[in-house]
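> Summarising the annotation, TrEMBL assigns ADP binding site to A:Gly155, A:Val156, A:Ser157, A:Arg158, A:Thr159, A:Gly160, A:Lys161, A:Thr162.
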Protein chains: 2
Amino acid sequence: MTKHKRTVFYVSDRTGITAETLGHSLLTQFDGIEWEKINVPFLDDIAKAHRLVERINHAAKLDGYRPLVFSTLLKPDILEVIRQANCRVYDFFETFISSIEEELHQPFVRIAGRSHGLQYHLKYFKRIAAINYVLAHDDGVNPKNFTEADIILVGVSRTGKTPTCLYLALQYGIAAANYPLTQDDMPKMQLPKILEPIKDKLFGLTLSASQLHLIRQERRPNSQYAALTQCQREIQWQESLFQLFDIPYLDTTNISIEEISATILDRRGLKRQLYG
Amino acid sequence: MTKHKRTVFYVSDRTGITAETLGHSLLTQFDGIEWEKINVPFLDDIAKAHRLVERINHAAKLDGYRPLVFSTLLKPDILEVIRQANCRVYDFFETFISSIEEELHQPFVRIAGRSHGLQYHLKYFKRIAAINYVLAHDDGVNPKNFTEADIILVGVSRTGKTPTCLYLALQYGIAAANYPLTQDDMPKMQLPKILEPIKDKLFGLTLSASQLHLIRQERRPNSQYAALTQCQREIQWQESLFQLFDIPYLDTTNISIEEISATILDRRGLKRQLYG
């Protein structure tokens with residue numbers, strides 16, 4: 001099936017992150033369309049709204065289909081202007097808010113930026129502290145401080161430990177350390193000594209040997225380190241180790257950093273606190 | 001006004017990030033309620049759904065109010081079970097999908113994990129490359145590679161350069177470098193030499209002197225570095241520098257990393273590509 005092109009606009013008073021996240025999760029449920037995605041954050045006055053109407057109408061003409069507009073606009077007058085364009089508008093607040101007002105028996109405050117803005121400031125220190133913790137405890141550095149970690153990811157090189165730690169810190173304020181399993185550990189079926197007292201914080205990351213091979217090839221092409229047989233040996237060894245020491249672990253071959261992070265928090269019973 | 005407590009459940013077949021984003025952005029529009037937030041990711045069988053019904057009913061009894069449930073469940077039979085609980089369900093797909101089906105003239109695929117899952121795998125390399133770029137070019141390291149950056153954040157110590165770079169990489173796959181402005185640069189109104197040829201990629205971060213003072217106090221209490229007068233001098237100097245050299249900059253005093261990042265992309269005309 002050849003794909004046809006359509007345009008989607010993510011429109012917001014503020015960052016547009018919510019509009020984009022929600023629209024994206026709906027549109028990924030439809031195949032066969034190539035979406036041109038246009039972010040329109042900080043749409044906060046009528047003049048800008050009129051310029052957007054022109055852009056939307058232009059896209060409609062080019063595509064031969066009217067664009068979709070996902071909106072989290074809080075100002076009804078701006079939303080009214082957008083509705084004059086040749087498009088289909090899905091507004092998240094309008095859709096849900098009156099039924100939530102009814103449920104909570106109170107009106108909503110209609111203040112933009114509440115979900116990503118001001119009140120997060122209060123959590124700024126915790127979040128920054130978590131990021132600093134990750135940067136100071138990446139790749140097995142400063143293991144004497146590992147007792148302060150919320151979670152410690154373990155795995156052989158290039159299993160995604162660092163990106164996952166950073167995501168956990170940025171998105172959830174989790175102090176995540178990571179410790180690499182290396183060739184030197186392989187002859188014996190033992191955990192590195194330094195990890196034994198903190199075994200309960202460990203979580204293993206694994207993936208298919210062929211995927212690990214691809215990732216390592218990017219880093220050091222045609223090295224012994226990247227060889228498929230080497231990757232197979234390391235993956236088999238680490239998975240046996242995880243099983244032997246009863247360390248929970250996750251195969252990340254086909255899942256994103258978001259899913260890896262959510263799974264780790266769920267399996268380790270860590271409280272999720274959304275920042276983003 | 002004293003706050004009353006209510007419970008909200010974020011329920012999903014997969015990570016629950018979309019359900020949480022939606023619910024969070026709606027509930028922050030209501031004051032006076034203290035929300036107990038419960039994430040229920042990976043709700044993928046009927047037995048789990050029945051256990052959740054018990055949890056919901058228990059919370060309803062404790063709170064004296066029925067809980068809210070924000071859901072992105074794709075399996076109608078599981079959603080049906082949840083609806084038997086004493087709660088108000090807001091299901092994201094149910095609410096929007098049929099009207100989008102109608103607009104696109106095609107049915108949705110009803111496959112869980114589309115928004116955070118599989119297809120992100122294809123972008124994995126770009127995202128990881130961006131993170132590696134940030135880690136290798138933090139705090140002015142390796143400036144000879146700055147020509148490869150999508151953006152270079154500048155500012156005095158503790159203006160949020162590193163967390164913002166990490167967020168730009170993780171969330172948007174942007175290769176972001178950062179370069180600290182230091183005491184040594186202050187006597188003269190000049191950009192550090194190394195930044196001159198790449199002036200067009202610079203973006204300044206600033207904040208109120210009193211906020212900078214607070215942040216630096218956390219790091220080195222009662223130091224000259226953290227003194228309010230020192231913070232005032234550095235902030236005044238860097239803002240004059242940004243103006244003199246026509247470097248766009250942002251006051252981050254009251255905004256979150258999400259808003260800082262979205263603003264930078266918008267002002268620098270960088271394409272946003274959502275990963276999370």
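The backbone N, Cα and C atoms fix where each Cβ goes, and this holds for glycine too.
Where the annotation comes from TrEMBL, it is an automatic prediction and has not been curated.
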> Near chain B by Cβ (under 8 Å): which of the binding-site residues A:Gly155, A:Ser157, A:Arg158, A:Lys161, A:Thr162?
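Listed binding-site residues meeting the cut-off: A:Thr162.
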> Pick from A:Thr159, A:Thr162: which of these binding-site residues has the biggest number of other Cβ atoms within 10 Å of its Cβ?
A:Thr159
> Taking the mean position of the Cβ atoms of A:Gly155, A:Val156, A:Ser157, A:Arg158, A:Thr159, A:Gly160, A:Lys161, A:Thr162 as the ADP site, which residues outside that list, in the same chain, have a Cβ no more than 8 Å away, listed in sequence order?
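Sorted by sequence, the hits are A:Leu153, A:Asn178, A:Pro180, A:Leu205.
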> Among the binding-site residues listed here, A:Gly155, A:Gly160, whose Cβ has the fewest other Cβ atoms inside 10 Å?
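Comparing Cβ neighbours within 10 Å for the binding-site residues A:Gly155, A:Gly160, A:Gly160 has the fewest.
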> Suppose we draw a 10 Å sphere around the Cβ of A:Arg158 (ADP binding site). How many other Cβ atoms does it contain, all chains included?
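Other Cβ atoms within 10 Å of A:Arg158 (ADP binding site): 24.
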> For A:Thr162 (ADP binding site), which DSSP three-state class applies?
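SS state of A:Thr162 (ADP binding site) = helix.
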> Measure from the Cβ of A:Lys161 (ADP binding site) and count the other Cβ atoms within 10 Å, all protein chains considered.
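Result for A:Lys161 (ADP binding site): 26 other Cβ atoms within 10 Å.
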> Would you count the other C-beta atoms found within 10 angstroms of the C-beta of A:Ser157 (ADP binding site) for me?
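Step by step: centre on the Cβ of A:Ser157 (ADP binding site), count other Cβ atoms within 10 Å, giving 17.
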> Using a Cβ-Cβ cut-off under 8 angstroms and a sequence gap of six or more, which residues of the chain neighbour A:Val156 (ADP binding site)?
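Those within reach of A:Val156 (ADP binding site), by Cβ under 8 Å and sequence separation of 6 or more, are A:Pro180, A:Leu181, A:Thr182, A:Leu212, A:Glu234, A:Ile235, A:Gln238.
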> Under a three-state reading of DSSP, tell me whether A:Ser157 (ADP binding site) is helix, strand or coil.
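Looking at the DSSP assignment, A:Ser157 (ADP binding site) belongs to neither helix nor strand, so coil.
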